[in-house]
Amino acid sequence: MAHIHDLAASLAPNYTANRLTTPTPTRFPRTPTFASMNKPCRFEGTVDDLEVTGTIPADLDGTFFRVQPDHRFPPLFEDDIHFNGDGAVTAVRIENGRAALRQRYVRTDRFEKEARAGRSLFGRYRNPWTDNESVKGVIRTASNTNVVFWRGVLLAMKEDGPPFAMDPVTLETLGRYDFEGQIVSPTFTAHPKVDPRTGEMVCFAYEAGGDGSDCSVDVAVWTVNGDGRKVEECWYKAPFAGMIHDCGISENWVVLALTPIKMNLERMKRGGNKFAWDPNEDQWYGVVPRRGAKSEDIIWFRADNAFHGHVAGCYELPSGEIVFDLTVADGNVFFFFPPDDNITPPDGIAKRNKLSSPTTRWIFDPKAKKSAIRTLDARDADVWVADERVKPTLTWLTNGEFSRIDERYNTKPYRHFWQAVVDPTKPYDFAACGPPAGGLFNCLGHYTWSGKNYHTGESTENGASGEGEGDGKFGLEDVYFSGPTMTFQEPTFIPREGGAEGEGYLIALLNHLDQLRNDVVIFDAQNLAKGPVAVIHLPLKLKLGLHGNWVDHRDIDAWQKRRSEDGDIGPVQVAKEPLPWQKKLAEQKGETGL
């Protein structure tokens, strides 16, 4: 009798020439994107009373939310990428020293269309020219990048489309969220920032001017106040159609990081990638006022080619200059978006065999002299660019990503930040684990700015200083190594009630690469090296997620009351009208009789 593995190997492939030709039976591609920790999970359900090692701190009462791209169906293209998976939200509810797990897919328009068809219908990542004709005009977002609690709802976000609202307790999808009809752009960031002092949410969108797939250079920035009312909106032009994944906010300014990974409409129409890395293009930083802005108020700063990671902190000095901290890698992090064939990298860049991702500090003067230029992508629009190029004022060799801070200190000088860290000097069991899916994030790091690098409200200096400068350190480092068979996903800081900055806990998902399962680990945020105080064991393998947040349950409970039928605000109002680009497309179809 043949062994089951022999039978499986003899099955006819579902893909011919990279294209899905046989939707059933369900079989996913045999590629690294769908292997190891990235094998599809597709779990929906609840698991109560999870096994725990150690002691969950008694003062933790809330939910750790995170989201993962998780293809519901085998993709249309065999070489599909991780970022194209359907958003699945995980909620780990913690109370009274116990933990429970709930997970559900975000019921986006895309998800619902494919669920009814019983197969994938949407093609390459952010490329509608590769979709099945039956879904033309459907919002393509998979809502798989971040989940943010806002005014009683959980917003599942991906920067290629509008957010979708979910119930924070049941994870039921309520519908597309347009801020009660106030924001109707085709795209919306996955990284809004909330000002803890004012309660305002500052948010933005790129490729915002058309249908979200036309490679426009339009950038919009909005502010929504704590009462849910849009109070600021301004539109700008970027120098080229590229990715603006994250931002920072200070008390008076917004900083947008434009990465030299470029869109090209003709490439997309040929069935190619949405993005291509351009090793000859600068990295750019756009600085705009938070209040009363006009389109010409933007100032773009240029620096040498590099790839932006995520923002740690952003604040202002007494001089009015802006401090902006984020990780910046020295090459293309998104290897699945290589340069176009006609692009020749500068000498040295093509020979890099590994990337470094330090934490860099930039200081921008919003009053710097600037000039209007014209670019090929912006066409006849003015792009306001600083006359002088910029360089980081310091580079801390953390080699990490997914920076997080105590968000009570958003817009303010901050002392502490945390990252998932790559340390290639630590042992790794390749025989047991294979290639580390998602990157070798084998450590968690806690970093504390010291000396002049921590700016108090009275600081007047902006130079780089502090112990350890000679070896690329600008403060204290507290690092925990996972072991030779494990890696971490993004950490999240949980503040201790009434505690000083950085006092609290750090929570993260731990990947057991040799066992293909996950744990949730909880640390004392200022003593990572001592190891976790509690480990919550999950009885299944999740996927590599992207971002998440902790929400205190007092906030959820209070908003549930306000959002009830007899509450002072009432139930969440989800979008009732199609987006403007959808209306326009419907009109065009009517005119042509399609």
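Backbone N, Cα and C define each Cβ position, glycine as well.
Database features, via Swiss-Prot:
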type    : residues                       : note
BINDING : TYR125, LYS158, GLU401         : piceatannol binding site
BINDING : TYR125, LYS158, GLU401         : trans-resveratrol binding site
BINDING : HIS191, HIS245, HIS310, HIS547 : Fe cation binding site
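The Cβ of TYR125 (piceatannol binding site) lies under 8 Å from the Cβ of ASP80, ILE81, PHE83, ASN84, ASN273, LYS274, each of which sits 6+ residues away along the same chain.
Looking at the residues that bind piceatannol per the record, TYR125, LYS158, GLU401, the two CA atoms farthest apart are separated by 23 Å. With all protein chains in the displayed structure included, the most crowded Cβ environment within 10 Å among the binding-site residues LYS158, HIS191, HIS245, HIS547 is that of LYS158. Recorded residues HIS245 (Fe cation binding site) and LYS158 (piceatannol binding site) have their alpha carbons 10 Å apart, per Cα-Cα distance. With respect to their backbone Cα atoms, HIS547 (Fe cation binding site) and LYS158 (piceatannol binding site) stand 11 Å from each other.
According to its DSSP assignment, HIS310 (Fe cation binding site) is in a strand. If you take the Cα of GLU401 (piceatannol binding site) and the Cα of HIS310 (Fe cation binding site), they are about 7 angstrom apart, rounded to a whole number. Excluding HIS191, HIS245, HIS310, HIS547, which define the Fe cation site, the same chain contributes THR145, ASN146, ALA190, ASP246, VAL311, LEU546 within 8 Å (Cβ to the Cβ centroid), listed in sequence order. The two recorded residues HIS310 (Fe cation binding site) and LYS158 (piceatannol binding site) have their Cα atoms spaced 15 Å from each other. The Cβ neighbour count for HIS310 (Fe cation binding site), using a 10 Å radius over every protein chain in view, is 18. Rounded to the nearest whole angstrom, the C-alpha distance between HIS191 (Fe cation binding site) and LYS158 (piceatannol binding site) is 9. GLU401 (piceatannol binding site): 20 other CB atoms within 10 A of its CB, across all protein chains.
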